[in-house]
Amino acid sequence: MSKSESQQSRIPEADLEPDEFDRFSRYRKVVMVIVMSWNGLLSPISSTSVLSAIPNVAATYHTSGSVIGLSNALYMVFMALSPCFWGPWCQALGRRRSCLASSVVFLASSIGTALSPNLASFMIFRMLSAFSGTAILVIGPAVIRDLYRPLDRATALAWFYTGTLVGPTIGPLLAGAIVTYTTWRVIFWVQTGISAISLLATYFLLAETMKVVTPRPLEQLPLPKKVTTFLTMTNPWRVIRPFKSPSLVITAVASGSLVWNQYGLLTPIRYVLNPRYNLDTPLQSGLLYLAPGVGYMLGTLGGGRWADYTARKRYKQRGKIFVAEDRLYAAVPFLMVVLPMCMLIYGWSVEKAFGGIAVPIVFMFLQGIAQLFCYPSLNTYCLDVRPEQSAELIAGNFFIRYIFGAVASAAAIPATQAIGVGYFSTISAILLAIGGGGLLTAAYWGLSWRQKISV
């Protein structure tokens with residue numbers, strides 16, 4: 001960690017350049033956060049919308065539900081790979097251009113998925129959707145970093161992540177209603193409509209938020225030099241390189257445990273809860289996704305504020321010195337204690353059939369709230385610790401977390417069928433507790449680690 005970088009993570013808020021965060025009015029900032037939150041629905045809602053329709057899609061292509069589940073795991077793999085490219089592109093091309101480009105590709109691939117004549121084309125267009133849609137999950141935090149001061153970012157970021165976290169629960173509910181009454185292809189026509197709205201909103205309402213640097217990296221360069229400079233700037237290795245810092249690795253693994261938990265919970269619902277509680281239709285199982293979805297919504301109201309409150313409290317205790325790691329303390333009790341307890345009670349209540357359907361619904365709801373009390377701290381840390389590389393750090397974090405999600409998506413159905421939902425939920429609880437323990441060490445020693453490491 002260079003001396004200037006170490007100082008940057010500890011400068012008093014009053015020393016931050018004032019004009020950087022005052023370029024847009026409060027109203028304009030809110031509008032842009034809403035646009036990015038809507039855009040953030042795209043890839044996550046698509047990642048789970050197929051879950052309620054797995055048997056229907058499998059029947060269309062004369063294959064098994066496990067194969068369609070594997071296609072969703074591939075979707076998650078491309079969600080993991082996508083930030084490695086979009087993070088550097090976002091820095092090189094700017095936020096607005098990158099957002100528009102990803103929206104156009106997602107719109108086209110949604111149409112392709114809806115029209116797919118065979119399984120191969122279905123999987124290809126799904127992977128393209130993942131690659132393009134996940135760009136927003138990198139661009140959105142970078143936009144918020146451009147707009148808000150460090151001690152105010154977590155609240156704005158929590159509202160942005162409303163879209164990304166509610167999306168995975170809206171998708172199966174919407175898909176369940178659709179496949180109950182019509183064909184599964186309508187799911188992707190609805191997705192096409194959502195992405196068209198996203199493209200229009202981005203074009204008309206999103207300004208370029210990246211601070212103007214003079215000269216810009218690619219301006220006033222001859223074409224050959226411009227191409228080589230662009231390729232250097234967009235090298236995916238830039239996303240991985242900063243993760244020599246232990247605190248960044250620990251934060252990414254903690255984020256990964258949350259995504260494992262989310263997709264490990266959501267993926268097998270139709271296979272686990274439908275037979276256990278005699279649910280007959282995709283719509284009925286789709287309604288079960290409302291429990292974590294409402295939890296995410298309510299968590300949004302408090303999670304970001306809790307993270308900002310924790311950061312401000314420690315900021316004052318340090319004599320108005322801002323240390324990025326202080327924010328991580330806000331997530332520790334929820335990640336290390338609350339979420340593991342929720343998953344253990346959920347899994348074993350279903351496994352042993354006690355408490356009726358109310359018990360898993362209540363604890364899916366509570367774990368949804370708890371997740372939203374974790375994400376703002378984890379995501380904002382990546383923005384605060386190295387502001388000049390915020391997009392790359394967010395991208396690297398998403399790469400690791402969606403690798404966890406891909407494994408969970410691929411393993412959830414066969415694992416719950418082989419060992420039961422109780423033991424699978426226990427595995428999730430252990431991962432969450434390990435992530436929480438690691439996060440506590442990063443919060444306590446992270447600053448000293450960064451000061452010792454030259455990145």
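Including glycine, each Cβ sits where the backbone N, Cα and C put it.
Some features that TrEMBL has for this protein:
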- 32-455: domain 'Major facilitator superfamily (MFS) profile' (DOMAIN)
- 30-54: transmembrane segment (TRANSMEM)
- 66-86: transmembrane segment (TRANSMEM)
- 98-117: transmembrane segment (TRANSMEM)
- 123-144: transmembrane segment (TRANSMEM)
- 156-180: transmembrane segment (TRANSMEM)
- 186-206: transmembrane segment (TRANSMEM)
- 248-266: transmembrane segment (TRANSMEM)
- 286-307: transmembrane segment (TRANSMEM)
- 328-348: transmembrane segment (TRANSMEM)
- 354-378: transmembrane segment (TRANSMEM)
- 399-420: transmembrane segment (TRANSMEM)
- 426-447: transmembrane segment (TRANSMEM)
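The transmembrane segment (354-378) shares more Cβ pairs under 8 Å with 328-348 than with any other stretch in the list 30-54, 66-86, 123-144, 186-206, 328-348.
The stretches the transmembrane segment (426-447) and the transmembrane segment (286-307) are not in mutual contact, being linked by fewer than three Cβ pairs under 8 Å (pairs 6 or more apart in sequence).
Of the candidate ranges 66-86, 156-180, 186-206, 248-266, 399-420, 186-206 has the most C-beta pairs within less than 8 angstroms of the transmembrane segment (98-117). Residues 48, 52, 154-159, 161-162, 165-166, 168-177, 262, 265-266, 269, 273, 279, 327, 330-331, 360-362, 364-377, 380 of the same chain lie 6 or more positions beyond the ends of the transmembrane segment (286-307) yet place their CB under 8 Å from a CB of it.
Per-residue pLDDT, averaged across the domain 'Major facilitator superfamily (MFS) profile' (32-455), gives 87. Each of 123-144, 248-266, 399-420 was scored by its Cβ pairs under 8 Å to the transmembrane segment (328-348), and the highest score goes to 248-266.
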